[in-house]
Every structure is written in structure tokens, then in C-alpha cells.
Amino acid sequence: MLLPDWKIRKEILIEPFSEESLQPAGYDLRVGREAFVKGKLIDVEKEGKVVIPPREYALILTLERIKLPDDVMGDMKIRSSLAREGVIGSFAWVDPGWDGNLTLMLYNASNEPVELRYGERFVQIAFIRLEGPARNPYRGNYQGSTRLAFSKRKKL
């Protein structure tokens with residue numbers, strides 16, 4: 001069952017919370033302080049924006065910390081305005097028990113650069129209640145992330 005706006009406000013810890021980001025059946029995550037593009041770490045808060053060049057990907061940290069109960073998971077989709085500009089998002093489930101900021105991957109499939117401003121809404125997360133709490137909620141490598149989390153599979 002998808003959680004409606006009033007249950008999201010009541011049951012999901014989102015910091016910092018923005019009323020503008022709360023949607024009828026989800027929450028719009030915003031561009032956070034760090035990004036990684038073409039091998040470079042970008043201080044988005046300082047620069048005010050991140051630019052994804054044509055045919056390139058970016059890792060972007062969410063502004064929000066999300067903490068999920070053991071019986072709720074998250075499913076994310078790119079906002080349609082960005083999809084209409086040729087931006088594709090590849091996102092994993094947000095497992096029950098997750099706590100931290102999220103590192104998300106966007107790919108600019110267009111022939112034009114795409115600019116995202118610090119604090120701009122870019123991905124919507126919907127929260128889905130499980131039939132019961134997970135026996136083994138997430139406690140993995142990325143738990144508690146507050147900075148960009150790179151793949152544990154290889155060194156950059």
C-alpha cells in the first residue's frame with residue numbers, strides 16, 4: 001500500500017522537511033550539497049548548481065535524510081520535467097530500515113547540458129508499506145550516509 005501525504009508526514013522521518021516537496025502520494029527529494037560529474041567532486045551548495053554534460057552521468061546527494069521504519073520501503077522515479085529534458089534516473093529500492101541521505105545516479109541522454117540547482121526538486125520517492133516488518137532490515141554498507149557514497153565494488 002502506498003502511503004498518502006498525511007501518513008508520510010506522520011510516519012517517515014525526512015530532514016529537512018519541505019511542505020512544498022510533499023506530494024499526494026510521495027515526496028520530492030531535492031539536490032543536496034555534493035555531486036560527482038566526469039571524475040570531479042562538486043560542492044553544489046557552494047557553486048549553486050551542478051551541470052550534467054550531454055551523454056554523461058552524475059551522482060547526486062539528496063538534501064534530505066530519510067529514515068524508514070522496518071515495514072516501509074521507498075521507490076523512486078525521476079520528476080517528469082527532467083525526463084522531458086532527456087534525463088534518466090537509475091535508482092535502487094530504498095530498503096526498510098534505511099537511514100541516511102541518498103546518492104542517486106542521473107544520466108543526461110540529451111545533446112544539451114542539464115543544470116540542476118542546489119535545493120531543486122529532482123526525484124520523487126513513494127513509500128510502500130510491507131505486509132509486516134522486514135526480518136532483516138537494511139543495515140548495510142551505505143547506512144548512515146551523509147556524503148556521496150561511491151560504489152564499494154571498485155575504487156574511483
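Our numbering is plain: 1 for the first residue shown, then up by one each step along the chain.
Even glycines carry a Cβ here, placed using N, Cα and C.
Per Swiss-Prot, the feature dCTP binding site maps to Arg79, Ser80, Ser81, Leu82, Ala83, Arg84, Asp95, Gln124, Tyr138. Cβ neighbour count for Arg79 (dCTP binding site) (all protein chains, 10 Å cutoff from its Cβ): 16.
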Site extent for dCTP, whole Å (max Cα pair distance, Arg79, Ser80, Ser81, Leu82, Ala83, Arg84, Asp95, Gln124, Tyr138): 33
Other C-beta atoms that fall within 10 angstroms of the C-beta of Asp95 (dCTP binding site): 19
Tyr138 (dCTP binding site) CB neighbourhood, other CB atoms within 10 A: 19
Reduced DSSP assignment, Tyr138 (dCTP binding site): coil
